[in-house]
Amino acid sequence: MATNAGVLGQETMFRHRDVKEKHKREHSADHGSQEAVVADELLAVLGYKSELSRSRSTWQVSFMSFVLASVPYGLALTLYYPLIGGGPVAIIWGYLLVGLIMTCVAISLGEITSVFPTAGGVYYQTFMVSPPWCRTVNAWICGWAYTMGVISITLSVNFGTAQFFVACINIFTDAEGNPIWAAETYQVFLLFLAITFLCNAVSSLANRWLPMLDTFAIFWTFAGLMAIIICALAIAKGGRNSAEYVFTDFETNSGWVPGWSFFIGLLHGAYVTSATGMIISMCEEVQQPATQVPKAMVMTVIMNIICGLIFLITMVFVLPPIADVAAQASPVPYILSIAIGNQGGAFVLTIPILVLGLLCGTSCTTATSRTIWSFARDGAMPGSRWWKKVNLKLDVPFNAMMLSMVIQCLLGLIYFGSTAAFNAFSGVGVVFLTIAYTIPIAISLFTGRKTLKQGHYDFGMFGIFCNIVSICWAFLVTPLYCMPSYLPTTATTMNYASVVFVAGVAVSAIYYVVWGRKNYKGPPVSEEEVIAHRVSIVGA
């Protein structure tokens, strides 16, 4: 296995180049079908047979990548962090800073994905870029981090939608000014379950229509964003802040020292952009994954920066006193209610955000199922023989999707013990995904970026700069997202992301010692098959 794996990277790169040359030589009336054939041939060389339909174009995969972040939904969920972390400066400039950093991460992942475009994503890439002596353990660590990250992020999206829905309903108040729905813990949990079931139902039963749903989400996002911007700024019942306040005011309400408090505010942007690399899991459903997916990652990060800044600048212009906003269960519904001055009108403006929450949950569910499925087909999970199956009728890895749903529902029970459960879900998701993204980037950098030479994208020194920024970001985010967002904290408001993180690491480590150390071999690659396919292509 070590010998086979040792030559795999070089042979795969040659094979990738040969497939591209063959693609240039061939002419077919059915261009889309031919692209899918070439992609399937490349996938076979990388060790897998094609089991899912390649139904997504460049624009469609870009749209799905955009929906995974779902600006302004993600920003609305986590606006609390920069509000208490640094006020307007943390909200606007902090988000821009994180956006630029995540652009570097997207470029770094895009370079590697252009060489190894499989649904295994960063897990598979880690195996390929690692030296033979540590391939399997590196891939195991990255694969488990990636899998636990996508599950946690999907959980946080669905749970956040449930809490945001309650906050939107509570825009309406009674005669005494109290919210009309003082939702009990079990009611929020049941709402979370309903949202989770809905997202899984849509993702599994309507898979063939998901690209159209993602396309709809783009137009819905811009229409909703325009409605919020125009109405909030034009009406502004609570008044408008000055440009000086919007772009230069810095005030902390987190209890931390100012410098660290600003970093707390960065969690806002980190959460929204954490799904950047999840689109790689859709590589085996894209017609030209080696080029389309890297383009989609970078393009959508830039789109998210622009849309996010427009939304945030609008919110800060009509921002009420921060102390009042921070006291609310969810900042955005309160900000809109003050700006519009009418409860019904403010609620209507939250509907686009609520719909985006459901669409985001559906896209995250879809990407998560592919991640689990791809990891399981290499035998890296308990019960892999069940999770690696594809439902041919639905054209989705249905078993893997159900496993993810069950795990999310069980983890959701944490809410009964801590009202800050969302912090734990979002925090551990961001930490795991950041670690998973960074592992192949770091290994590729420290081994001289040799595998990129035969890929579609190698940005040279600029790529190295992006790699370094990505690695530094991981060292900051990992401890940052495990900290409580404000001080003092209590047992019920504590951020339990570190607890969930340690539990996930423990499960992965124990399973590796008990089973993986002797049985796990990594992706099913074969030197003989790579050489045979390369010869047949060259001779064609």
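Yeah, the Cβs are placed from backbone N, Cα and C, and that goes for glycine too.
Source: prediction; values computed, not measured.
If you look up TrEMBL, you'll see 63-84, 90-116, 137-166, 186-205, 217-236, 256-280, 301-322, 334-360, 398-418, 424-447, 459-481, 493-514 marked as transmembrane segment.
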Maximum Cβ pairs under 8 Å to the transmembrane segment (424-447) - stretch from the list 137-166, 186-205, 217-236, 398-418: 137-166
Contact check, the transmembrane segment (90-116) vs the transmembrane segment (217-236), 3+ Cβ pairs under 8 Å, seq sep 6+: no
Segment-segment contact (the transmembrane segment (256-280); the transmembrane segment (334-360)) at 3 or more Cβ pairs under 8 Å: no
The transmembrane segment (217-236) and the transmembrane segment (301-322) contact flag, 3+ Cβ pairs under 8 angstroms: yes
Tertiary contacts of the transmembrane segment (493-514), as residues 6+ beyond its ends and Cβ separation under 8 Å: 137, 140-141, 144-145, 148, 152, 382, 411, 414, 418-421, 423-428, 431-432, 481-485, 520
Same-chain residues at least 6 beyond the ends of the transmembrane segment (398-418) whose Cβ lies under 8 Å from its Cβ atoms: 150-152, 154-155, 158-159, 185-186, 188-189, 192-193, 196-197, 200, 203-204, 365, 368-370, 372-373, 376, 386-391, 424-425, 491-494, 496, 500
